[in-house]
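**Student:** Sharing the features that Swiss-Prot gives for it:
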type	residues	note
DOMAIN	9-243	domain 'ABC transporter'
BINDING	Gly43, His44, Asn45, Gly46, Ser47, Gly48, Lys49, Ser50	ATP binding site
Amino acid sequence: MEANNTNIIELKQVDFQYQGDAAFTLNNVSFKIPKNQWTSIVGHNGSGKSTIAKLIVGIEIATNGTIIFNQSPISNNDFKDIREHVGIVFQNPENQFVGSIVKYDVAFGLENHAVPTEKMKEIVAQSISDVGMTDYADSEPHSLSGGQKQRVAIAGVLALSPSVIILDEATSMLDPQAKKSLMSLIQEVKATKDVTIISITHDLTEALEGDHVIVMNQGTVYKEGNPQTIFKDIKMLQEIGLDLPFSMKINQLLGFDDHFITYEGLVEKL
């Protein structure tokens, strides 16, 4: 779908401090998430990136500052409505499963919304098909591979037709092939659905998939821009403890001039 350049989410001067902690986890964080685009929020462990996801959906409440959703500032009372529009896929999908088999798990959110049975069956079948898991609709989620489990988690989110999908380290437990397959699926979802993707990750290879990158370091926005801009600053990425994508490491070893390069681009160059 053609990208809409308006912003679906905005954080303005947001601070956050966990109860009992002396230090703030987030300090004066401000950024915008463009609608219908893929924004990657990257940083090492402890940079505050996952806390941002919790603030967006109201799992935690900002200590100071404003969070805006669809042009409207949100209060503590609004988060139930926000959760109607935002779906999250976590690092370990096991923690999200509630159904005994795949199709029941995908149906869970729809049941909570009192969707009529026949309509529910239609939505569940389509959502499972969208993630390529039709053959596993009657399987137990816990019997699936890591990549398959994440596909089921995504199907459960898609069934509710969210405006935003947040992937919170969703690929960190997957092998390289499963990770690549899941990223292809997310690209397909972005291309065919009216949805904004927010990927929270320490994996810069995953961040290459996005349209926009926000770099977090020690609870602040360190830098942001498109992937080409961010990944040209190799020194900055290394200084804050982020591991360069494999394609860029090889590019460096071979002495090529361009710093930003995808795996496909490196193959073409070789």
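Heads up, residue numbers simply count up from 1 along the chain you see.
Cβ coordinates come from backbone N, Cα and C, glycine included.
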**Student:** Which one of the binding-site residues (Gly43, Gly46, Gly48) has its C-beta surrounded by the most other C-beta atoms within 10 angstroms?
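**Tutor:** The residue with the most neighbouring Cβ atoms within 10 Å is Gly43.
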**Student:** Can you tell which of His44, Lys49 has the most other C-beta atoms within 10 Å, given these are the binding-site residues?
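**Tutor:** Of the binding-site residues His44, Lys49, the highest Cβ count within 10 Å belongs to Lys49.
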**Student:** Residues with Cβ closer than 8 Å to the Cβ of Ser50 (ATP binding site), same chain and 6+ apart in sequence?
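**Tutor:** In sequence order, the residues whose Cβ lies under 8 Å from that of Ser50 (ATP binding site) (at least 6 apart) are Asp168, Glu169, Ile200.
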**Student:** In the structure shown, which of the binding-site residues Asn45, Ser47 has the fewest Cβ neighbours within 10 Å?
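**Tutor:** Fewest other Cβ atoms within 10 Å, among the binding-site residues Asn45, Ser47, is found for Asn45.
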**Student:** For the ATP site (Gly43, His44, Asn45, Gly46, Ser47, Gly48, Lys49, Ser50), what does the 8 A shell look like? I mean other same-chain residues with CB within 8 A of the CB centroid.
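**Tutor:** Everything else in range on the chain: His202, Met216.
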**Student:** Please give the average pLDDT for the domain 'ABC transporter' (9-243) in this predicted model.
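**Tutor:** Here the mean pLDDT over the domain 'ABC transporter' (9-243) amounts to 93.
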**Student:** Give the three-state DSSP assignment (helix, strand or coil) for Ser50 (ATP binding site).
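**Tutor:** Assignment for Ser50 (ATP binding site) reads helix.
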